[in-house]
């Protein structure tokens, strides 16, 4: 408690000593501002123009709102001019050459931001001004401006924006206040480095490329006098890592899923479901994009083109998938395969697409049974391919029995004669053979139907294969053609904010090792 009281008393003593020990500054302040009229422009003659110089020192690029087209900046507005009423002789005031006075007590140029979007048009914080014995007045007030900025979203998110800040006197014309840049060179109205970036905190979203300043003279319809302004152009290039990771890469991944629709087998029943799911995902991306960019109808942003291109591809893939599924599930009862379809999609295209169809094999037991039944229904019950054994014709059911061995000689086939005698005497066997013939006919029809269905499935598979390659090529070429349109991808200019900012240099400079 004693130490706090000691420091407090020490500060009071120093303050009192400073106030009492600087009578020259107090006397100078009283002499300068006792009869000073801050409402009158400080010129000797009314026709004289007062030169006011201005410069911006950018401290922070707070935000660039794309949707509302507003740039928010934190900067210092450096202004200087000569006021003949605020000059003095230092020898008469104890060698005092500089004096700090409240800016509210002196004349100030009404410099405002013409393209103000929100808030105050002029500086609201009235900081102190610095007076020099020569009459030079310097005033550096800080301010946070929200300026309107025309956003060009054509190449978003690989875009480059140029936002302007137009400063000028609201009341005085060019014949009364000659507005110029502090670093302006005689004979030119352009200053290449019009904004001071020495105290700039680098932005995590934008790189500063150029900051020129241009002096303009403009005539309005209301007045004959010119009105001067200094326009500061801030050219920025977006850092694309955030949007690349969160928008571009997911959208490209979804676009490549469109290709997999044609690789998915039709029997899975999920081809259309996958396409519609992709379409819904792209719709969500489109809604997110609409929340970011301004509602302009002049251009379509690059990311919007990419999402729209992918949506069109996915919609077309749904149409193709429906056609492929229609072909896949065809049957002999609904469609007949034309000869040219069989020739093109079964014999020609598979060779061109390097497709090999697996050989379709029926059940060997069913095939052997069908052949045996067919032979029995037409001739006899033995293998008709046996060499040396002719097949006798089948007599009508109501015909009288043949004489024994009338069809062949006993020496050639005695077993055949015995079989014929037994067969003609067994009517139940005729009914069994008729039933077997019916089953054989149904089996043949089923196998033929299966063969036709497999042919249609193969045609659908052949249809899927060229569209697989077509969509793969379309996605790769289309994505590259859209994304690579952005000129910032080929812009190799180094940002000047990192080079000129002393704060960024100090932060990037490695710390020395601690002493041992």
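Glycine residues also receive a Cβ, built from the backbone N, Cα and C atoms like all the rest.
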Kindly point out the range from 306-326, 327-347, 348-368, 369-389 that Swiss-Prot annotates with transmembrane segment.
306-326
What range among 211-231, 274-294, 400-420 does Swiss-Prot record as transmembrane segment?
274-294
Would you mind telling me which of 181-201, 244-264, 433-453 Swiss-Prot tags as transmembrane segment?
244-264
Just checking: which of 45, 132, 222 have a Cα that is within 10 Å of the Cα of residue 233 (N-linked glycosylation site), counting only these recorded positions?
none
Out of 45, 132, 233, which of the glycosylation sites has the smallest number of neighbouring Cβ atoms within 10 Å?
45
Please indicate, using numbers and ranges, the residues of the same chain that are 6 or more beyond the transmembrane segment (306-326) and have a C-beta under 8 Å from a C-beta there.
248, 251, 254-255, 258, 261-262, 266, 271-272, 275-276, 278-279, 282-283, 285-286, 289, 300, 460, 463-464, 467, 471, 474-475, 478-479, 482-483
Cα distance, residue 149 (disulfide bond) to residue 45 (N-linked glycosylation site), nearest Å?
40
At the level of the C-alpha atoms, what whole-angstrom distance separates residue 222 (disulfide bond) and residue 149 (disulfide bond)?
26
